[in-house]
Structure formats: structure tokens, C-alpha cells
Ligand SMILES: Cc1ncc(COP(=O)(O)O)c(C=O)c1O
């Protein structure tokens, strides 16, 4: 039995040796368990439902296969995410196409692939889609994203449901704009959508949003629209640190379904199909990132910097949102006597702090360090800053491990570079 830190049944030091660092490690077993927790909660509530996994969180062809095999749907938010899904063999009828500024080519692509739903984000987009569908004589089912005016307690940059937001139709205009589809030949309103933000730990804003959405649903039904579904977006928070509150989907989902049943009854409207779009709660706890410790710098009387061989290029969230992470040294026991307070930094030419303050057991050059809960918005937000190569992603399933995405090579970094004629010798 190994003394090393074990993730999803695997010795993390052995994984770092086998695949190199920095390394994204994803557990298929944890991903599936997280998806099934949500499906089971809906089943136990007896709801008509669907789960759209939010692809922006973590997406590649292998991940699409996992989502497809779970029988759930996929939310994509760009031509690139859509292409990835279709290329993996994902059924387009189960794809919901999002984006606050889809361009003409993306709308054409979505129609070309016959995606199941397009989520219209603006009046402009509705006009575009009407023209396109008329031209192609092709029907399309749409949802309308509205901003329900709910302020969720989360980081300002990931609050998306308040009135002052670039996303969605303002509630005050939604009824009139959505009503226009009654006169359209090919654009069919299947439902309405909202996403109030991400990393939300409290149930209240979700329940409030569901009420606002049901009011709009009722108004649209009374206007003669034939909609049947309400998509409440994603946003379920996860505990990045031990002391963080955790959002319990198992208790929340039946509560939300009951609440909506009651509200639908009060409003004398049929209970809609409920759709959720979880991303972080599915993927974040299913991933860790392994690094090798390099420079350890002690500033006497001030602090110790522990630098790892990755950083803001593979995990921009601390720099972007001040996000907190927990970490462990994989090759050492969590021995209290060895604990020192340190700052974990990346190797970019920026201050590049990954973890501002954490207790680790006397970190030294050569140690393997795991940052925990990095499965969401890390790989998908990674960049090539400093011309770092994006790390490999590996997938664990039971006792197996395999590469899901290859580590970029130096050649990959220059493959799209061109030298204009006047710069040639
Ligand atoms: C429209 C939409 N749905 C779902 C999600 C997923 O949210 P989360 O990862 O918080 O579950 C997002 C995230 O930004 C989103 O914009």
C-alpha cells in the first residue's frame, strides 16, 4: 500500500512519473458519480427533466463520450465546442447551443448539424435566426435566455443573472420579444432559460429564479406560445477549501422540483420539463493537477515561495477571480510537525500566485504537488502564455489510466506561425 497521495484509487506520484508534469488528472468514476447524483435526485423527485452538462467547464472528445453514455445532453457555447461534440459522435439532437454573441457562421453551423436547441440570447440573434431559417426553410427549436434580475452571492465576474449583464433578454422586454416567434414560420419557442451565476452555495437564489421564470412561462402560455420547458442553468457551488459551504444537489433538486410544482399549481399552468446545466459541480471535484516543485525561495522573516512547473497558464482562476484552492504534497504524509505556511507560485513571468497561503509539509524541490478540485475551468481556460505548452490530460477509470488529451509539443506552439515574405532572408 502506497504512502503517497491517492486520487481515485491511483498513486499520484506514479502518475506524475509516468505522464510527466504539469498534468491534469480526471477521474471518470468521479465524473459519472457526480452526474448520477443529479440524475438520481431528479428521478427520486419524479420530475420530467434533462441534464445539459455545461461543456465550457471541461470538454474534449473523450468527455463527450462520457456525457453521451450517461444519456444526458450537452450545452456548447461556441463553434469549437460544437465541432468537438459532433466530431466525437455526440448526437446533435441532444446539443443545446449557447452563446451571448453567436456569429452568423456559428448559427449556420448549428442549423447545419440540426442541434436540438438554440438558446437565443438577444433580439439581434432572433432576427438573424429568423432570416437564416427562412432562407433554409428549416425549422428550429429555441429557448430564450432571460436575465431574471437575481443577484446571487458569488464572485462579481461569475454573476450572470442580474439585470446589468451582457447575457440574455432583460425580463421587462422578454415577453414582447419572445412573442414575435408566433408570427415566425420556422422559429419555434420550446422554452425559456436563465443562468444566474456560478459557484453559488445558497439554494434561495435558485428558488427565486424558478419563480420568476414560472411567471414568465405563464405569461407566454397565456400569449398563445406553446412552450414546455424551463432551463434553470448551472451554478451549483463546490467546496474548494475544507471550510467552504457545500451545495447538496441531492437535497436541493427534489426541493426545487416540489417548489416548482407548487408554484405551477398556484399559477394554474402545467408543470414544465425542468432542465439544469451543471458544469463545475460535475467536473471540478473529478480533477486534480499534478506539478513538480522547482525553486523554493525563503525570504527570511517574511515568507516562503514554492514554485511549481505550471501556474496561471494552466489554471488562470486564482489570477482571474481570486479563486482559492487546496493542495497536498503527494510524496509526503500530512504530518503536522512538518507543516509550514507557504505561497504556491507558478512559473509564468507574472506574480502568478496559485495559492496565497497554505500549510504544506516542508516542500522541497522535486516534490510532487497536487492542486485539488481543478477539473472545472482549468483545462478549458488554459493558455499558452509564455509559450508554455498546455499540459496533457489523463483519464482514470478503475485501475486504468489513459491519455485524454496529449501534452502540447514545442512544434504545436509554432505550427500556426507564419513568416511574412518581407521578414524572410
Ligand atoms: C449558460 C450556462 N449554463 C451553465 C453554466 C455552468 O455553470 P456551473 O459550472 O457553475 O455549473 C454556465 C457557466 O458559466 C453557463 O454560462
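Using the three backbone atoms N, Cα and C, a Cβ is placed for every residue, glycine included.
What TrEMBL says about a protein is an automatic prediction, not a curated fact.
Feature annotation from TrEMBL assigns domain 'Orn/DAP/Arg decarboxylase 2 N-terminal' to 34-284.
Here TrEMBL flags 56 as N6-(pyridoxal phosphate)lysine. In the three-state DSSP scheme, residue 56 (N6-(pyridoxal phosphate)lysine) falls into the helix class.
Taking a C-beta cut-off of under 8 Å and a sequence gap of six or more, residue 280 (pyridoxal 5'-phosphate binding site) has these contacts in its own chain: 57, 198, 199, 234, 235, 236, 237, 238, 376, 377. What TrEMBL records for 235, 277, 278, 279, 280, 377 is pyridoxal 5'-phosphate binding site.
Taken residue by residue with DSSP, residue 377 (pyridoxal 5'-phosphate binding site) is part of neither helix nor strand, so it is coil. Cβ contacts within 10 Å of residue 377 (pyridoxal 5'-phosphate binding site), excluding its own Cβ and spanning all protein chains shown: 24. Feature annotation from TrEMBL assigns substrate binding site to 280, 317, 321, 350, 377.
As annotated by TrEMBL, active site, proton donor applies to 349. In the three-state DSSP assignment, the secondary structure recorded for residue 349 (active site, proton donor) is coil.
Its Cβ taken as reference, residue 321 (substrate binding site) is surrounded by 16 other Cβ atoms within 10 Å in the chains shown. The recorded positions recorded for this entry are 56, 317, 349, and the Cα of 56 lies nearest to that of residue 277 (pyridoxal 5'-phosphate binding site).
A distance of 30 Å separates the Cα atom of residue 279 (pyridoxal 5'-phosphate binding site) from that of residue 349 (active site, proton donor).
Taking a Cβ distance under 6 Å to any atom of ligand 1 as the criterion, the recorded positions 235, 321, 349, 377 reduce to 235.
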